[in-house]
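K.L.:
Have a look at the structure that comes next, please.
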Amino acid sequence: MKFTKMHGLGNDYVYLDCTESGPGDLPGLARRMSDRHFGVGADGLICVRTSERADFRMEMYNADGSEGEMCGNGIRCVGKFLYDKGLTDQTELTIETLAGEKTLELHVEGGTVVSVSVDMGEPILTPERIPVLGAGESFLSRRIMVNGREWAVTCVSMGNPHAVVFVPDVDRLNLEEWGPAFEHHAIFPNRTNTEFVEVENQSTLRMRVWERGSGETMACGTGACAALVAAVLSYRARRIATVKLRGGSLTVRWEESDGHVYMTGPAVTVFEGEWPDT
Ligand SMILES: N[C@H](CCC[C@H](N)C(=O)O)C(=O)O
């Protein structure tokens, strides 16, 4: 079985062309291929499929085999995968995801996609749609206890759940301790991705992320969008900002006119490979 290894700012996935056919047991395959010692090594697995309602469909699994509703770094690479492999010649694409249809604008240089802009849609703030246990219309800067320490948490869904916390110095945080404590916290029925954000200035955020199902990753596209939304809602940032992640930077804009969040960033192909059919 052929696969392509790609990354968006170091948030790396195995990509399969499932437009004709695809393997079964994708959760199990995601776990096996993601293993950084006994497999290919990745943050998860992404299958590109045909769609009845969009140009194509993205199906995404984390390294633990759980399915994610949306993947920002992943969908940029899906755009590159489709164009570079000649599955499309369009530079504007719609991709069906479990979080709805997303529109991509591919930026081509020298016949290959170098970066992609994604309309990530509107952020979801109502607790029961995130989901997070909590009354009211939104879950903004609410104090919760995590491992005996009080944190002010803002929850945002970009189709997948995010808990955003603002900290003075992201480098001093022990994510191995705090990441799982948030991910598996009782108030998140479907677990959560967690963004630890340091505000450099009103147009620059620095962020580390512990991803649901994958652990700390070098970057998280949906997480960067959630972080920007939380920063705007708490008057920490303007509506357009550079979000600096361990693997590099994304430009994120929360457009006032349509309420949509737009994200622009790179997409890179690392290598093509062959996985033994099992
Ligand atoms: N771990 C996420 C999916 C991948 C999101 C991230 N890699 C991105 O770029 O948005 C979840 O379970 O919701």
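Each Cβ is built from the backbone N, Cα and C atoms, and glycine gets one as well.
Note that TrEMBL annotation is computational and uncurated.
Note that the coordinates shown come from a computational prediction; the quantities given were computed from them, not determined experimentally.
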K.L.:
Asn190, Asn193: which one does TrEMBL list with Asn11, Asn62, Gly72, Asn73, Asn160, Glu211, Arg212, Gly221, Thr222 for the substrate site?
P.N.:
Asn193
K.L.:
Here are some active-site residues: Cys71, Cys220. Which one has the most Cβ atoms within 10 Å of its Cβ?
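P.N.:
Within the set of active-site residues, the most crowded position is Cys220.
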K.L.:
Quick one: Cα separation, Asn11 (substrate binding site) versus Cys220 (active site, proton acceptor), in Å?
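P.N.:
About 7 Å separates the two Cα atoms.
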K.L.:
What recorded positions among Cys71, Gly72, Asn160, Glu211 are found with a C-alpha within 10 angstroms of that of Cys220 (active site, proton acceptor)?
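P.N.:
The recorded positions close to Cys220 (active site, proton acceptor) (Cα within 10 Å), listed in sequence order, are Cys71, Gly72, Glu211.
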K.L.:
Based on DSSP, name the secondary structure state of Cys71 (active site): helix, strand or coil.
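P.N.:
The residue in question, Cys71 (active site), is coil (DSSP, three-state).
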K.L.:
Within 10 Å of the Cβ of Asn11 (substrate binding site), how many other Cβ atoms are there?
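P.N.:
30, counting other Cβ atoms within 10 Å of Asn11 (substrate binding site).
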